[in-house]
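Student: Take this structure first; my questions come after.
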Amino acid sequence: MPPAADTARLLVTETFGPTLQGEGPNLGEPALFIRLSRCNLTCQWCDEPHTWDTSRFDLQEHTRTHTVRELSRWAQTHPTELVVITGGEPLLHQQQLVGLVDALVAGGKRVEIETNGTIAPLPEIRGDGVRFNVSPKLASSGVSRSRRYRPEALSALVEADSICKFVVTTAHRDADLAEADQLVTEHPFRQVWLMPEGITEPVVRTGLRLLADHALVRGWSLTPRLHVTIWGNQHGH
Ligand SMILES: Nc1nc2[nH]cc(C(=O)O)c2c(=O)[nH]1
Ligand code: SF4
């Protein structure tokens, strides 16, 4: 790590865990979470709007700054191997994240970065022990296509061996799936998950039932939102 990297500061909304990774490839695995503040998108169904929505939240109230050293020390106080960096959009802070990811991997952790796929990862942040879970936003997010679809960033993420996870809303299911099909044709992620949108268990369960066949015909995987089933939409899980 360069000398200054561990004093670099990150805008953090919360750290929590160990809890269970609720989505995607490591579903059900114990994990520590670092949720960074700020996002470059404005999805209408976002379940973490306090990381970016200044019209509804005082972001200062929901933000603390932590150094890379503090965050990596916190992670090392737990034996939990998996650390999930989420947001917001964590790659907005990737200059500072390089040092954090290096420190975590050097400490024996595996790192997952949850990203919306609009920002190409720096070469320095890619590497063994780090995986990007890319969740490209579809039309149902309410965000304009030019903001949410960045083909060059997606190509870089495919090249970095990332996986892809589409959040599909029940009301816009057909349009979301058609867009997901097109996106995967253009950007061949090695594995694709469908995940229902929802912050309550009944909504997630209904979504899972409606999506199961669509995942199967495409050879894609389906993920629930385990943390919603277990803890509802409580922060800190
Ligand atoms: N348990 C749990 N699993 C998660 N997987 C992705 C999360 C996220 O907020 O990005 C998340 C979360 O907030 N909690
Ligand atoms: S990209 Fe993620 S954090 Fe950002 S607004 Fe959309 S759902 Fe929320």
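Just so you know, glycine gets a Cβ as well, placed from its N, Cα and C.
Just so it is clear, the model here is predicted, and its values are computed rather than measured.
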Student: Taking Thr77, Thr80, Thr86, Thr115 as the options, which does TrEMBL list with Leu20, Gln21, Gly22, Arg35 at the substrate site?
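Tutor: Only hit among Thr77, Thr80, Thr86, Thr115 in TrEMBL's substrate site, alongside Leu20, Gln21, Gly22, Arg35: Thr86.
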Student: Name the one residue among Gly88, Gly99, Gly107 that TrEMBL lists for the same S-adenosyl-L-methionine site as Trp45, Cys46, Asp47, Ser135, Pro136, Lys137.
Tutor: Gly88
Student: Considering only the binding-site residues Arg35, Cys39, Cys43, Cys46, Pro136, which possess a Cβ situated under 6 angstroms from at least one atom of ligand 2?
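Tutor: The binding-site residues passing the 6 Å Cβ test are Cys39, Cys43, Cys46.
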Student: Check the binding-site residues Trp45, Gly88, Lys137 for any whose Cβ is under 6 angstroms from an atom of ligand 1, and report them in sequence order.
Tutor: none
Student: Would you work out the biggest C-alpha to C-alpha distance among Leu20, Gln21, Gly22, Arg35, Thr86, the residues that bind substrate according to the record, and give it in angstrom as a whole number?
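Tutor: Per the listed residues, the maximum Cα distance equals 15 Å.
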Student: What's the most sparsely packed of the binding-site residues Arg35, Cys46, Gly88, counting other C-beta atoms within 10 A?
Tutor: Cys46
Student: For the substrate site (Leu20, Gln21, Gly22, Arg35, Thr86), what does the 8 A shell look like? I mean other same-chain residues with CB within 8 A of the CB centroid.
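Tutor: Going along the sequence, the neighbours appear as Gly17, Thr19, Glu23, Ala31, Phe33, Val84, Glu114, His227, His237.
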Student: List, in sequence order, the residues of the same chain other than Cys39, Cys43, Cys46 whose Cβ lies within 8 Å of the centroid of the Cβ atoms of the recorded [4Fe-4S] cluster site.
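Tutor: Those within range, site residues removed, are Leu41, Thr42, Glu48, Pro49, Thr51, Trp52, Asp53, Asn116, Lys137, Ser141, Val143.
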